[in-house]
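> This is the structure I have questions about; it appears just below.
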C-alpha cells in the first residue's frame, strides 16, 4: 500500500531534531531514546546495511556509540559521554582536528554575512581561495574549479581532460589496479574495485587499468594504446592508494609516470583527495618526489572537517578550454562562501601550525611503534606501512582485523578497515594528535593485540 505524505509527521520529526540540535547534554532516558531512534531510522529510512558495517558496537551488541559531539581537537564523545581518540579521522577529513576554532570562527563569521552566493555577482571568497591554491600547489597549477566532494573533483578532472584532449584525438584513460577515485559513473570508471563497479556496468568506455607501481606495465599500456590508435588522454593516479589499503608505490614511480605522460602527450591527473592537505608529511604527497601534475584533485580535509568542499586545480593550458564557456561544467553549491571560508581557514591553520611537518614527526613515531608490535605479534600482523599520518596495519585475515578494530573501540580508540575490507586497518588520525595521545594509541594497540592472541589461542 502506498504511504500518503504527512506534513504533520514531517513537522514533528523536524521539530524534534531541532530540539536535539539545541541541546548540549542528554539525560539517561534521552540518551537511550536517541540511540533507539537512530538505529530504527537507519534501518527504515537510510540503509539497514550500514548497521552491519558499523564497528561501534558494545560487547552486548548494542550500537551504544551514536555520535554526539566532538570532544577536543582529536576526540569524539558519544551519547553516553564516552570519549574516543579519533584514529579514523572521518577517512581523512579531520586533518586540522575536530571543530578547529579557527575554521569554525571563519565559517560562523561568513554565516553571519551571507551563507550562499547569488550565482550572478562575483563572490570574493571563491576568488581568494583560487588564488591561495594557485600559490600553494606545485608547478604551474593555476586555476581551480570548486565542488562539494572528492568524487565531484575527479569527475571534473575527467571532463576537463576530455575537453582538452578530444580535439587532439585522445580519448583513453589509464588508471591502476586497487585504485579508488569515487563512485559516480565517471569516477567509478577509474576506480578498480569490482564490488563497486559490477552492479553499474557498463561504465564509461575508454578506461584501462594497469598494476599500481609497475612502471613497465604503464609504459606498455601507453605504447599499445598508441599503436592501436587509442591514444591516451590522461593517466589518473593516487600518489598513495588510500582505500586500496595504504599502498605506497616504489621510489621513483611517480616521476617515471610523469616522464611517460610527457613522452606520450598524456595529461597526469593526481588524485590527492586523501593524501593532500598535509596528510603524508608534505602539503601534497606528490611533493615528496617533486612531481607536478597537470590536474590535481582535492577534497576531504580541504574543508577543515567543518564544511564539504572539493577542488580541481589545473594548469592554465589545460583549464583554458573552459574559458570561452565557463558554464560547460558547473555546480550550484561549488565554491559557496561557507565552504570557501572553511578551506581558507584550514590552509591558514596547516601553514601557521606547520601541521605537515608535525604529521611527518608523529607519523614516524606511530609507524615505529606499530612495527615493533608487528614484530611481537607476527602470528597476527602481516605488515605495517604508511607515510606521515596515513598508515595501515595489515592482519593475517579479515576476522583478525575486524576483531582488532572492535578491541580498539573498547579501548576508546576509533579505527576502521578500508572499504569492505577489515584485513587492512587504516590509521588516519588528525594531524593535531598530541604526542601523549600517540602513546595512548600505541598502548591501546598493544592491549588489543594481546587480547586477540589470547582469543586465537583459546579458539
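Including glycine, each Cβ sits where the backbone N, Cα and C put it.
Checked Swiss-Prot, it gives:
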type	residues	note
BINDING	150, 151, 274, 332	pyridoxal 5'-phosphate binding site
MOD_RES	300	N6-(pyridoxal phosphate)lysine
> Distance between residue 151 (pyridoxal 5'-phosphate binding site) and residue 300 (N6-(pyridoxal phosphate)lysine) at the Cα atoms, whole Å?
10
> Under 8 Å Cβ to Cβ from residue 332 (pyridoxal 5'-phosphate binding site), same chain, six or more residues apart: give me those in sequence order, or none if nothing qualifies.
119
> In whole Å, how far does the CA atom of residue 150 (pyridoxal 5'-phosphate binding site) lie from that of residue 300 (N6-(pyridoxal phosphate)lysine)?
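Each residue's Cα considered, residue 150 (pyridoxal 5'-phosphate binding site) and residue 300 (N6-(pyridoxal phosphate)lysine) end up 7 Å apart.
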> Please report the DSSP secondary structure of residue 332 (pyridoxal 5'-phosphate binding site), reduced to three states.
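Reduced to three states, the DSSP call for residue 332 (pyridoxal 5'-phosphate binding site) is coil.
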> Considering the binding-site residues 151, 274, which residue's Cβ sits among the greatest number of other Cβ atoms within 10 Å?
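Going through 151, 274 one by one, the largest Cβ count within 10 Å is at 274.
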> Need the DSSP three-state call for residue 274 (pyridoxal 5'-phosphate binding site) to compare against my parser.
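For residue 274 (pyridoxal 5'-phosphate binding site) - judged by DSSP and reduced to three states - the answer is coil.
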> Could you tell me the C-alpha distance between residue 274 (pyridoxal 5'-phosphate binding site) and residue 300 (N6-(pyridoxal phosphate)lysine) in angstrom, no decimals?
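Residue 300 (N6-(pyridoxal phosphate)lysine) has its Cα 7 Å from the Cα of residue 274 (pyridoxal 5'-phosphate binding site).
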> Tell me whether residue 150 (pyridoxal 5'-phosphate binding site) sits in a helix, a strand or coil according to DSSP.
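Looking at the DSSP assignment, residue 150 (pyridoxal 5'-phosphate binding site) belongs to a helix.
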> When a 10 Å sphere is centred on the Cβ of residue 150 (pyridoxal 5'-phosphate binding site), how many other Cβ atoms does it contain?
28
> Which chain-mates of residue 300 (N6-(pyridoxal phosphate)lysine) that are at least 6 residues away have a CB under 8 A from its CB, listed by sequence?
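Same-chain residues close to residue 300 (N6-(pyridoxal phosphate)lysine) (Cβ under 8 Å, separated by 6 or more) are 90, 91, 92, 93, 150, 273, 274, 276, 277.
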> Going by DSSP, is the residue listed as 'N6-(pyridoxal phosphate)lysine' sitting in a helix, a strand, or coil?
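Helix, per DSSP.
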> Of the residues named as pyridoxal 5'-phosphate binders, 150, 151, 274, 332, how far apart in Å are the Cα atoms of the most distant pair?
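In whole numbers, the farthest two Cα atoms are 24 Å apart.
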